[in-house]
Each structure stands twice: as C-alpha cells, then as structure tokens.
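As annotated by TrEMBL, transmembrane segment applies to 6-28, 40-64, 76-94, 101-121, 127-148, 160-183, 189-206.
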Amino acid sequence: MTDLAVTVSYSLSALGLLAGVGVVLAMMRSSRVDSDRGKFAWLLVIPSFAGLSYVLMTLNIGIVEVGDTEVYLFRYLDWLVTTPLLVGYVGYVAGAPRKWIAAVAGADALMIAVGLGATLATGIATWVGFAVSGGFHVVLLGVLYLVFPRFARENRERYRLFKILQNHVGLLWLAYPVLWIASPAGFEYISAVGTAMIIAYIDLVAKTPYVYFVYSERACFAVDPVSADDAETDRTIDTDEMTVADD
Ligand code: RET
C-alpha cells in the first residue's frame, strides 16, 4: 500500500515505539531498580521488534495479496512475537507459575496464527478461522481475569501494576477482532487504508503506554529493600562496637 496516509501513520507508530524502547532502557539503567527481578530484557523486545516491523511495513516489505486485499506479513510476525510477551508479562507480575504463563502465551500465539490463517483464507474458511481465533482470545481473557488474580492477591507490592496491565490488555485488545470484522478481511465497512491507520494507532497504544505503566510502577521492582536495611543495621552495630572498644 503506497498511500501517503498509511506511510505517515506507520512512521509515527515507529517513532512512538522508539520512545517505548527509550522508556525500557531508562528503567534498565536505573540503579534503584532490579532489572533482573523486573525481567526488563523481555520488555525491551516488545517495542523494539514492533518498531522494526513498522519500519519494514513503511517500506512496503512483506506484503501478500489475498483476492484484492493486501496483507502485511510483518504485522502478524510482530503480533506473534510481542503479544505472548505482553500477556505473559502480566502473569509474571501477578506471580503466576510458569505453566500458567506458558498457557496464556500459547493461547495467544494460537489466536494470532489462526487469525493470520483466517485473513489469508477466502470463503467460509475465513469465518471458521475467525471463530477459532476468537475462542483462543476468550481463553486468554479467562486466564487474565479468573486465574492470574488468584496469584496476584498474594503479591501485594505488585498488585497495582498487575491491575493496570490486566485492564490495559483485557480492554484494549477487544478492539482487534471488532476491527477485523469491519476491515476488508471481514465485511469491508472500513477501507484497507482506514484499517491500516487504526491498527497503527492501537498497536502503538498497546505497547508504549504498557512499558510506561511498568516504568511508573517500577518501585515494585526496587533493589531489595530488606537487604539494604540489613546492611544499614550491620554498619550501625559495627560502629557501636568500635565506640565501646575505644572507650
Ligand atoms: C484477529 C482476527 C481473528 C480473531 C481475533 C483476532 C485478535 C487479535 C488480537 C491482536 C492483538 C494485537 C496486539 C498488538 C500489539 O501491537 C487476529 C484480529 C480474536 C487480540 C495487542
């Protein structure tokens, strides 16, 4: 698609995602926050990979024709890599065990892969694919709202961040299947250009604010405050003993 409006929208999203990379890097460099405990290296992948995909899409790389509509393969590759991370990280913040994080990331990846199949298919197969992909979306929402809260309640200092990310993912992502139905892949109420512009916007909102929310709540990954207190106590005791000895 060589439409100027699409090129401008994609370039703006690439820039906005670059800002997201900056936010994660700032958090990784902070000496007050434990980058390992926050698993920030995984977060870095989210805006970086998406930003790169947007650059490639701006350059019209990786487009395939289905009937008379064009499908951006890098969009689905970006979603396949970054959406399991977005939803898996919510589970990590909740303190959920690995098996649940893997389950939600797996349901998400299947939702995207089957969604791509539905987009590339024609006729009834499109709608069968949509229904299956939608089913995985429901599973994902079920884990997000019924399973993760059980673990998050035990994790008071991360609870606020968990609620923010849970609702950000749970609500914003509902826009995607709705948009898909209205796009040329579904009933074509919205043109290919309009669809591309809206997706560029929601993709950006799904990622850069997400990492910013982690940044604003980064105190929950503070460098272990308990051992910092212990170190302080040790020093006080040493000084006291020296004072006694000097006397
Ligand atoms: C499709 C079509 C088939 C049905 C469903 C879909 C859901 C897609 C979602 C995508 C989320 C993307 C994000 C991207 C961030 O950059 C594949 C559109 C349910 C939920 C968050």
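Just so it is clear, glycine is given a Cβ too, placed from its N, Cα and C backbone atoms.
The transmembrane segment (160-183) shares more Cβ pairs under 8 Å with 127-148 than with any other stretch in the list 6-28, 76-94, 127-148. Scored by C-beta pairs under 8 angstroms, the transmembrane segment (189-206) has its highest count with 6-28, from the stretches 6-28, 40-64, 76-94, 101-121, 127-148. A Cβ distance under 8 Å defines the sequence-distant neighbours of the transmembrane segment (76-94), meaning residues of its chain 6+ beyond its ends; these are 39, 42-43, 45-46, 49-50, 53-54, 62, 100-102, 104-106, 108-109, 111-113, 115-116, 119, 140, 143-144, 148-149, 151-152, 155, 158, 161-162, 165-166, 169, 203, 206-207, 210.
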